[in-house]
Amino acid sequence: MFTHPSHSIKFTFSNLLLSVCAECKLPNEALECYTLVRNDGVFPALWAFNLMLECLVGACKYDTVLENFDQVVELGVKVDAFSYGKAVQSAVKMGDLKRGLDLMEGMKRDGMSVGGFVYNVLISGLCKERRIKDARKLFDEMSERGVVANRVTFNTLIDGYCKVGDLDEAFSVRERMKVCNVEASIVTFNSLLSGFCRAQRMEDAEKVLREMESYGFVPDGYTYSIIFYGHSRSGNVNASVDLYEETVRKGIKINEYTCSVLLNTLCKCGKMDKVEEILEKVMGTGLVPTEVIYNTILNGYCQAGNMAKAISTIGKMESIHLKPSGITFNFVINKFCDLGNMVEAEEWVKRMTQKGIPPNLQTYNILIGGYGRKCQFDRCFQILEEMESCGLKPNVLSYGSLINCLCKDCRHLEAELMCEDMVNRGVLPNAQIYNILIDGYCTVGKFNDAFRCLSEMSGKNVLPTIVTYNTLINGLCRKGKVVEAEELASQITCKGLYPDVITYNSLISAYAKVGNNLKGLELYEKMKTSGIKPTLITYHLLSNGFTEGGPAVAEKLFQELLDNNLTPDRVIYNKLMRCYAEHKDIHKAFALHSQMIDQGIQPDCFTYNSLIMCRLNEGKVKEAKELFDDMRNKELVPNANTYNTLVEGHFRVEDFSGAYFWYREMSEKGIFPGAGICNELITGLRDEGRSEYVDIIYSEMKDKRPKG
């Protein structure tokens, strides 16, 4: 019986052996067993085959899964939903979403029910590729087909919406999760927190954190790292410190990753004393600093320009047996290059080598950038040769840095020759290289050469990006060629690209420069219709037309700025205040000034000029003088606009002697009014019988008249 085993026993034994290999997570052995069975002309039981597929997926052998799945399907073996699920999972893991979606359609054609697992895998893959609309379609399809979405489904979609910045839709999915009685997890809240922190909406993030705690979840180290990151993006270093103190009070022990995020926030703001203080405290709790933490601190000292402390940080690393890496040395070398101290930069390259760490590609690229900024191009060329001799092939960044520096030095011919050299060395120029060349030509107004580079890109199968077109559009706008710029912008969609906020900002800026603020508003409306979110820069540009458009238009734009979760800055407040002053809306101007102060924004000379204008519009000369004195007490220097406002304000109340007082002060400071103001002042003083003042002004006007 055992000499000649029956087909049934052999089949059973083969399935058993295959399943044991698969369940023991031995993918190679399972595959070998499967191959032997197939060579005997037998197909194992489907359950055993599925176990093998699961084992292969666990071992990340995704191509092998798909290869074997395809073979059995071609042989006409009837696989089940589990087999399809593993094939879909493998396709998505390999980044082949089209294949994954095609497999799902195959399931439907074969009359199989697509389960939650397959939907979850595909939704996750689509979200990772930021194809959130397609992910939502699958989510809605689940509901239509009666497939119950679970916590994984909801969390994946919420995270997807947060990553593309659509927080309203993320919350909509969260609400639906509640309606479906699917309990949230800490992952749900961390995703929402991450979305708000990325958008710098820290008040909303705080609300999510409180809701999370109300559900009984205790924020973990990762949660705190998200919030530290949010405060970092918002530039609110004090909030980061307060949050750290909260973790200490609550007895929450932060891990190395969270610690590095916190320290990085403080380093970016130059709070190095606080960095050292917190590092000492966390080390007291048993945390051992990692290379990442020390590199963060070292880079912080480099950014602060404190090279002595940066170098001593390397000593501290070595004292606890942490070996500095290439990254460590590159931070120091990069800073010396930024400082233009190439002798010291080269010295640190030598020290790096002496420590047994050979300079890497990034090291050489840093040196090329440093020498390039100093226009020492011969040394840059030597470094390229040194790289080759060390077996390091210069990459696009190596050449890009050098070409950029050549363009900045207006050495465009050499920059193009460098492009040819990189091709000869087997490095193909990409869109970024061409963008650098185009920007170089645009800067000096050589648009024929810039457009030649654009044509060359097409000839060499290098696809222009939106940055390429924005560079050309911005270049044309800077040189006053706004009609040509707008025409080029209209062609972008024909190239499969879409104008972005930079495109519109360039055009709005160009029209603002020629005083056509109405056209700027038209572009702004078109921008909104296209679903493009304006930035603070957009509103800076539009604010140039606040006075012309009047308070109604200005207030509408100000409200839309707030609706877009942007924070108005001094520029916006000043422009709106000026609008109110020009239109004699005194109450609103001073109310806005109070609001600006409440937001922690201190007034500048422009602010005071508008407030002084308001008081003079009311005929309150004394109050205007008090504002002027307050301005000087704050060590703000009055400018020509300040004095002209004061002089013209006194004209309106027919106090020409008072106007002459301000005329005298501005003249003594070397600031002289225009001829129109002088003529009006002369006429008024003459009517007041102040002929002695008139003679002085005539004399000074004569002295200031251009010679010849």
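Glycine is no exception: its Cβ is also placed from the backbone N, Cα and C atoms.
Unlike curated entries, TrEMBL annotations are predicted automatically.
Taken from TrEMBL, the feature repeat 'PPR' covers 80-114 (among others). Same-chain neighbours of the repeat 'PPR' (80-114): 46, 49-50, 53-54, 56-57, 60, 62-63, 65-66, 69, 72, 121-122, 124-126, 129, 131, 145, 147, counting only residues six or more beyond its ends whose CB sits under 8 Å from a CB of the stretch.
Marked as repeat 'PPR' by TrEMBL: 115-149 (among others). Sequence-remote contacts of a segment are chain residues at least 6 beyond its ends whose Cβ falls under 8 Å from one of its Cβ atoms, and for the repeat 'PPR' (115-149) they are 81, 84-85, 88-89, 92, 95, 97, 100-101, 104, 107, 156-157, 159-161, 163-164, 166, 180, 182.
Positions annotated as repeat 'PPR' by TrEMBL: 150-184 (among others). Note: the repeat 'PPR' (150-184) comprises 26 helix, 0 strand, 9 coil (DSSP; helix = H, G, I, strand = E, B).
In the predicted model, the repeat 'PPR' (185-219) shows an average pLDDT of 91. Among the features that TrEMBL reports, repeat 'PPR' is placed at 185-219 (among others).
Listed as Cβ neighbours of the repeat 'PPR' (325-359) (distance under 8 Å, sequence separation of 6 or more from its ends, same chain) are residues 291, 294-295, 298-299, 302-303, 305, 307, 310-311, 314, 317, 366-367, 369-371, 373-374, 376, 379, 390. The repeat 'PPR' annotation in TrEMBL covers 325-359 (among others).
The repeat 'PPR' annotation in TrEMBL covers 360-394 (among others). Residues of the same chain lying 6 or more positions beyond the ends of the repeat 'PPR' (360-394) and with a Cβ under 8 Å from any Cβ of it are 326, 329-330, 333-334, 336-338, 340, 342, 345-346, 349, 352, 401-402, 404-406, 409, 411, 414, 422, 425-427.
The annotation repeat 'PPR' is assigned in TrEMBL to 395-429 (among others). Distant neighbours of the repeat 'PPR' (395-429): 361, 364-365, 368-369, 372-373, 375, 377, 380, 384, 387-388, 436-437, 439-441, 443-444, 446, 449, 460, 462; these residues of the same chain sit at least 6 beyond its ends, with a Cβ under 8 Å from one of its Cβ atoms.
According to TrEMBL, the feature repeat 'PPR' maps to 430-464 (among others). Mapped onto DSSP helix, strand and coil, the repeat 'PPR' (430-464) counts 26 helix, 0 strand, 9 coil.
If you look up TrEMBL, you'll see 465-499 (among others) marked as repeat 'PPR'.
Positions annotated as repeat 'PPR' by TrEMBL: 569-603 (among others). Tertiary neighbourhood of the repeat 'PPR' (569-603): same-chain residues 536, 539-540, 543-544, 546-547, 550-551, 554-555, 558, 561, 609-611, 613-615, 617-618, 634, 636, selected by CB-CB distance under 8 Å and a gap of 6+ residues from either end.
TrEMBL lists 604-638 (among others) with the feature repeat 'PPR'. Within the chain, the repeat 'PPR' (604-638) has long-range Cβ neighbours (under 8 A, six or more residues past its boundaries) at 570, 573-574, 577-578, 580-582, 584, 586, 589-590, 593, 596, 645-646, 648-650, 652-653, 655, 658, 669.
What TrEMBL lists as repeat 'PPR' is 639-673 (among others). Counting residues 6+ beyond its ends, the repeat 'PPR' (639-673) has Cβ neighbours under 8 Å at 605-606, 608-609, 612-613, 615-617, 619, 621, 624, 628, 631, 680-681, 684-685, 687-688, 690, 693, 697, 700, 704 in the same chain.
Summarising the annotation, TrEMBL assigns signal peptide to 1-22.
Each residue of the repeat 'PPR' (604-638) gets a DSSP state, and the totals for helix, strand and coil are 26 helix, 0 strand, 9 coil. Here the repeat 'PPR' (465-499) has Cβ contacts under 8 Å with residues 431-432, 434-435, 438-439, 441-443, 445, 447, 450-451, 454, 457, 506-507, 509-511, 513-514, 530, 532 of the same chain, all six or more residues outside its ends.
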